[in-house]
Amino acid sequence: ASFAAGAPPPAPPPTPPSSACPSGVYLHSLMDFEPVFYACLPKDKEKQTVRDASTTGEAREASSDGSEGSEPTDSSLVSPVGKPPRDRHFESAVKEVDTPERFIANAVFAEVDANRWPLVLTLVLVIGLAFGLNAILNRDASNYHSVALAGSSLLGLFIAALFGLKPFLGMDTLQGILIDTLDDRLTAAAFVRVATPYLAAPAIFIVARVAYHAIRNKNKLGLGTTLLDVAGSVLSLAGLDVVVPLAAIGPLVSIAFWVMFGTIYLSAVAAKHFHDDRVERGGGLAKYAGGGETSETDDSSYTAAAGWHGVYRGATVFHFLFCGWLATWVVLFVRCVVSTVVVSWYWARDGEREKKLNEMGTVRAFRRVAFCHAGSLALLAFWEPVLLVPRIFVTLYCRIRGFVGENAPPYSYVLAYRSAAVCQIALHGCSLRRACFNQHHLKMRNLEIVRKCEAAADGAMFAGWVCTALASFAICAGLSGVDLIVLRPVQWTLAPASCASLAGTVVFFAFFMAHREAVETIVQCFCEDTERNNGTPLRQYYAPAALKKLIFVDVQGHREPSDRDADDTFEAEFKESRRARRAERREKKSERQSRMGSVLEEAY
């Protein structure tokens, strides 16, 4: 196969001339890296170019009928020794094109670039959908859950039909929406084509998961909606229901663009070093000398370009990990701001809550987190994903062995370093290590309350996330087939649709992470409140009346405490200390009286 010497015109590129790729399929390339990603994929083995090792450096193209044709000369691509068989030329040409860097650029990012306007329209529509769901949640959480549940179920069934109707049922009803014209000779493309129909299984699983949660936790829906109502009212009073999406969506979208363009650049450099390495090895073909063959993996055939190719591949992986850490830090920072405001609201008496919210303010909360807690959040953003996989296995082991609740390992770093430590950082202003173990021990002592409250709230959040992500996928898949708004006909719908689904996830969490963090903070504050206080007149609960009724009655099944209730032990201690003080006063009084009597007797 031959490779273009220069870059084609800017996107959308025209079909290259036959002299640039006489017997192959043109692969679209992207943006400013056309010289690196522009390549010619051979059509078949019978029409593959065969190179002679002549002294003139010319190459001949031999077809299946024995005819010969000329092609542009490139001495750097001519094998210096021998004439390898046609199938070796074919394998070498395919190997040059079939790299992860070229697939990412030509099959993923190029499709995203060609579908830029469908993606923009999808993002606008999804932001409107998230804003509508947020408005419904702030007004009535039960209506929000109903809308999210119905939308996620219908969209999940549609996505499952999109993937599974044709391969499993032989129906072409929705086949025009999901387009895949990638070349099967590319390893990744062949894998994608085989695996795509089975993506119907995750869609069906998500629908079943949402329905199962709705049926099983039907009695807990009131708990989840009430918690979300309380959280929504606090966020509305503080103005965070508008500030948090605006503060989060900008940095997260910027990081997403940074990931895309950084990956393109690093992939282009890696692909260039890969090409240079194969050219230095003789076009990527094994060297023939007197019928012998030298393996490409021999030390004698090692080149510096091969090492740099590995370096830039590693840099691409590190770039992904760094951007993931940065996005996690942004999310934790915003969550800590929300927790700081909610903490100031909770630990205020009735009648003073709005005053405390006004004193804290959004700007003051941002400044406090930025100046006092940014370093702890950066460390937590590193350790939480690192310990994610070990935490899954440790949690599973503890559940099997029955080490849950107060029997859980109390000083396990794997179980302690979680995002829930954000609340303890905001509440106590302590170090990361102490905050992580504080929240771990608190949840160990109050497992029942934490499990029921978080499960009820997470179910509603999960349905909303599924609805938003699947709506993004379906909208972008439909718009990518409209020729008026795409730069060129789509070749792989799954790439832009998956990107839209990821963007929908970012939008959803930007709008709703405040509600989830508010629920987490309220639950942790309530647990600490019940441990510090007991409802007596001297140690009253800080929790609002509605929240006390919700958790004591709906969660624990106990009678709601009143101001007249008293703890028996506390009252007994109080009465005993009062008796002791009275007895001490009587003793001192009698002693004074006896002394006065003695003085009077001496006087007379």
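We number each residue from 1, going along the chain as drawn.
Every residue gets a Cβ built from N, Cα and C, even glycine.
Unlike curated entries, TrEMBL annotations are predicted automatically.
Per TrEMBL, the features are as follows:
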| type | residues | note |
| --- | --- | --- |
| REGION | 1-24 | region 'Disordered' |
| COMPBIAS | 7-19 | compositional bias 'Pro residues' |
| REGION | 47-89 | region 'Disordered' |
| COMPBIAS | 64-78 | compositional bias 'Polar residues' |
| TRANSMEM | 117-137 | transmembrane segment |
| TRANSMEM | 149-169 | transmembrane segment |
| TRANSMEM | 189-212 | transmembrane segment |
| TRANSMEM | 221-240 | transmembrane segment |
| TRANSMEM | 246-271 | transmembrane segment |
| TRANSMEM | 320-348 | transmembrane segment |
| TRANSMEM | 368-389 | transmembrane segment |
| TRANSMEM | 460-482 | transmembrane segment |
| TRANSMEM | 494-514 | transmembrane segment |
| REGION | 559-604 | region 'Disordered' |
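Between the transmembrane segment (189-212) and the transmembrane segment (460-482) there are 3 or more Cβ pairs closer than 8 Å, counting only residues 6 or more apart in sequence, so the two stretches are in contact. Contact between the transmembrane segment (460-482) and the transmembrane segment (117-137) is supported by 3 or more Cβ pairs under 8 Å, counting only residues 6 or more apart in sequence. Most Cβ pairs under 8 A with the transmembrane segment (246-271) among the ranges 117-137, 221-240, 494-514 are made by 494-514. Counting Cβ pairs closer than 8 Å and at least 6 residues apart in sequence, the transmembrane segment (494-514) and the transmembrane segment (117-137) reach three or more and so form a contact.
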